[in-house]
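Enquirer: Please read through the structure below; I'll follow up with questions.
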Amino acid sequence: MTERIALFPGSFDPFTKGHLDTVERASRLFDRVIIAVMTNAAKKPLFDGPTKVALIETVIADLDNVSVVAQPKTLTANFAQAVGARYLIRGIRNANDFEYERDIAALNQTQDAQLETVLLLAKQEFSFISSSMVKEIAAFGGQVDQLVPPAVAVALQEKLKHGRD
C-alpha cells in the first residue's frame, strides 16, 4: 500500500492552537504529515523561518508521524511533488476561508492534477483564531495563552519585548 503523505503548508506566523488542532487531526488521517513553513510574499513575518520551524517542532514533539520543514520561495504544488505528498491539508474557519481555499485548490490543480486538497473544518473553539489577530493582541500586551501553544506564547512575548527596546 502506498504511503499517504499530506502537506500542511502555511506561513504559521505564529503557529496557533488552531494550526495545532488541524495537524493533530491530520496526523490521524494520514501516514505522514509534513508541515511546510512557506514564504508568503504578501506578508511581513514576525518570526524567521528557522525560528518558526523550531517552535513548531517543540509543539508537535509528541506527534511521531509529523515533521516540519522550512520551504521558502517555491510553489506549494511543486514542493508537494518534491516530497511525495498527494494531499494538501487546509483548515477552514469560515465561509471566507472556504472561498479562498477553493480557489487555491483549483490553481494547485493546474500545476498538479493529482494533488488533492483536504479541508478540515475548525473546531468551534478555534474558529476565530488567526495568526494576524494573535500578533495584534500580543503587540498591545494582551493575553495570547488561550490562542497559541505555551512555547509560542513565550516566544511572542520575548520577540515583542526585544522589538520594543
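Quick reminder: no glycine exception, Cβ is built from N, Cα and C everywhere.
Positions annotated as substrate binding site by Swiss-Prot: Ser11, Lys43, Thr76, Arg90. Per Swiss-Prot, ATP binding site is recorded for Ser11, Phe12, His19, Gly91, Ile92, Arg93, Glu101, Phe126, Ser127, Phe128, Ile129, Ser130, Ser131, Ser132. Marked as site 'Transition state stabilizer' by Swiss-Prot: His19.
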Enquirer: Given the binding-site residues Ile92, Glu101, Ser131, state which is nearest to Lys43 (substrate binding site) when distance is taken between Cα atoms.
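Expert: That would be Ser131, the closest of Ile92, Glu101, Ser131 to Lys43 (substrate binding site).
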Enquirer: Note down the number of other Cβ atoms within 10 Å of the Cβ of Thr76 (substrate binding site), including every protein chain shown.
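Expert: Here the count is 22.
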Enquirer: Take the C-alpha atoms of Ser127 (ATP binding site) and Ser11 (substrate binding site) and report the distance between them in angstrom, rounded.
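Expert: Cα-Cα, rounded: 18 Å.
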Enquirer: How many whole Å apart are the CA atoms of His19 (ATP binding site) and Arg90 (substrate binding site)?
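Expert: Distance between the two Cα atoms comes out at 9 Å.
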Enquirer: Considering only the binding-site residues Ser11, Thr76, Arg90, which residue has the minimal Cα-Cα separation from Glu101 (ATP binding site)?
Expert: Arg90
Enquirer: Please report how many Å separate the Cα atom of Ser11 (substrate binding site) from that of Ile92 (ATP binding site), as a whole number.
Expert: 15
Enquirer: What whole-number Å value do you get for the CA-CA distance of Ile129 (ATP binding site) and Arg90 (substrate binding site)?
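Expert: Ile129 (ATP binding site) to Arg90 (substrate binding site), Cα-Cα distance: 14 Å.
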Enquirer: Between all pairs in Ser11, Phe12, His19, Gly91, Ile92, Arg93, Glu101, Phe126, Ser127, Phe128, Ile129, Ser130, Ser131, Ser132 (listed as ATP binders), what's the biggest Cα distance, rounded to the nearest Å?
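Expert: That value is 18 Å for the farthest Cα pair.
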Enquirer: Could you check the binding-site residues Ser11, Ser127, Ser131 and say which one's CB has the fewest neighbouring CB atoms inside 10 Å?
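Expert: Each of the binding-site residues Ser11, Ser127, Ser131 was scored; lowest Cβ tally within 10 Å is Ser127.
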